[in-house]
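Novice: Submitted below is the structure of interest, expressed as structure tokens.
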Amino acid sequence: MADREEHQGLLDGDRDEDEGDKAPSVHLNPICDPNHLLHRILVLIFMCFLGFGSYFCYDNPAALQSQVIQDMNLNTASFMQLYAWYSWPNVVLCFLGGFLLDRVFGIRLGTVIFSLFVLVGQIIFAAGALANHFWLMNVGRFVFGIGGESLAVAQNTYAVNWFKGKELNLVFGLQLSMARLGSTVNMNVIGWVYGRIQMSMGSAGPTTLGITLMIAASTCLFSLICALVLGFLDKRAERILNKEQGKTGEVIKLTDVKDFSVSLWLIFIICVAYYVAIFPFIGLGQVFFIEKFGFTPVQARAINSVVYIISAPASPLLGFLVDKTGRNVMWVMLAVITTLLSHMMLAFTFWNPWIAMSLLGVSYSLLACALWPMVAFVVPEHQLGTAYGFMQSIQNLGLAVMSIAAGSILDVRGYLFLEVFFIACLCMALLAVVLLYLFDYYKEGGLNLSAATRSKRAKPE
């Protein structure tokens, strides 16, 4: 099992260097020594900012929902195509991205290539707005999506390669925190940027929208630089620590998918059913809060971003909590139930929506910290890239279909029916969590073990 091969943890800087990778033959400054805590923290910083630009630009349409619809003369269903076109390529390419990381490019070159796709895609997206061609904007989102989700696979694989062990949940939480910092900044800043450009141009329109989106592309350039630096540091660590000696030597095959366990397939179902109730809702949330609660556009953007605002500081804290307690399945169940309650409050009550959105932010963070690391517990290490890629792939199949469905439901039936639709998806996720718990218990698996028990299992005999 993957959880039996412990790597050095993030907080274990003083562990005996003879356990695991070979120590450097010469004395190095702590921040330059791959075995030292300071160096691994440096790597973690670049690892976290790797997805900053992608997350910042992913929700550009959500933060500019009213402006995009007005400037490009769209209905809601057409607007949601911007999210669908992001997701469609990853139904296949995200899975292949994990395969390419494992067999073709390697983690370092693959990360740089995917970062380039993100940057080029955002530039095409902005150019489409400048030229007033919505089809070109969709092309940009398509290219952006090819890089965005595959980059997330690379980020997850980097995390496991460097920090697999008892702090892996914390590292996943920190990664999510920094990525969601990008989403939060986007939600609260890009509208202001649009307003300033509108004042300078003298009017709104496609040109104003295009310039705003082109400015947003600078964050993707920043993430590309992080990918280059991270690749250099990883290559250097491989040379110093002779990491190649510790590789399994096994060659991954695409046919390995048929050997994925029932537990892994249930994790995939939870992932899809849960996230289709999060991202499409945020994509359409601005107008929802304006129409139902009478918020101004500025207030609507603020509350629509609260999920990301909360997840930024909460993710590492909740990741640390999951690390120390274990019981991943129970934490996932709690997150799904809390999210279900949040959507029910938004759908059927007029309570202050800050309550529901705050609960949604906490539960979203908790699920990410508890769900994604479970993949490393149920697949061999040499298949991690493919497993994470497949997880992202079917997630994007769900998001592509549900984004179009959500836009159509909203145009025809309104927000109440849309919320009922999201609630049904969460009920499916809850059923999958219950089945995962029962199957893991029956098979005496390790997904719901306490942290102490899991640590004992991981120690060599």
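Each residue, glycine too, has its Cβ placed from N, Cα and C.
Annotation source Swiss-Prot lists region 'Disordered' at 1-22. Residues annotated as compositional bias 'Basic and acidic residues' in Swiss-Prot: 1-13. Feature annotation from Swiss-Prot assigns transmembrane segment to 37-57, 81-101, 111-131, 134-154, 264-284, 302-322, 331-351, 359-379, 390-410, 416-436.
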Novice: For the transmembrane segment (359-379) and the transmembrane segment (416-436), does the number of C-beta pairs under 8 Å, pairs 6 or more apart in sequence, reach 3 or more?
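Specialist: Between the transmembrane segment (359-379) and the transmembrane segment (416-436), contact is absent.
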Novice: Counting Cβ pairs under 8 Å to the transmembrane segment (134-154), which of 264-284, 302-322, 390-410 comes out on top?
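Specialist: Between the stretches 264-284, 302-322, 390-410, 390-410 has the largest tally.
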Novice: Between the stretches 37-57, 111-131, 264-284, 302-322, 416-436, which one has more Cβ pairs under 8 Å with the transmembrane segment (390-410) than any other?
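Specialist: Looking at each of 37-57, 111-131, 264-284, 302-322, 416-436 in turn, the most contacts to the transmembrane segment (390-410) are made by 264-284.
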Novice: Is it the case that the transmembrane segment (416-436) and the transmembrane segment (264-284) have 3 or more CB pairs under 8 Å, with pairs at least 6 apart in sequence?
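Specialist: Between the transmembrane segment (264-284) and the transmembrane segment (416-436), which are separate recorded stretches, there is contact, as judged by 3 or more close Cβ pairs.
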Novice: Which residues, given as numbers and ranges, are at least 6 beyond the ends of the transmembrane segment (302-322) yet have a Cβ under 8 Å from it?
Specialist: 62-63, 169-174, 176-178, 180-181, 183-184, 187-188, 278, 282, 285-286, 289, 295, 328, 331, 353-354, 357-358, 360-362, 364-366, 368-370, 373
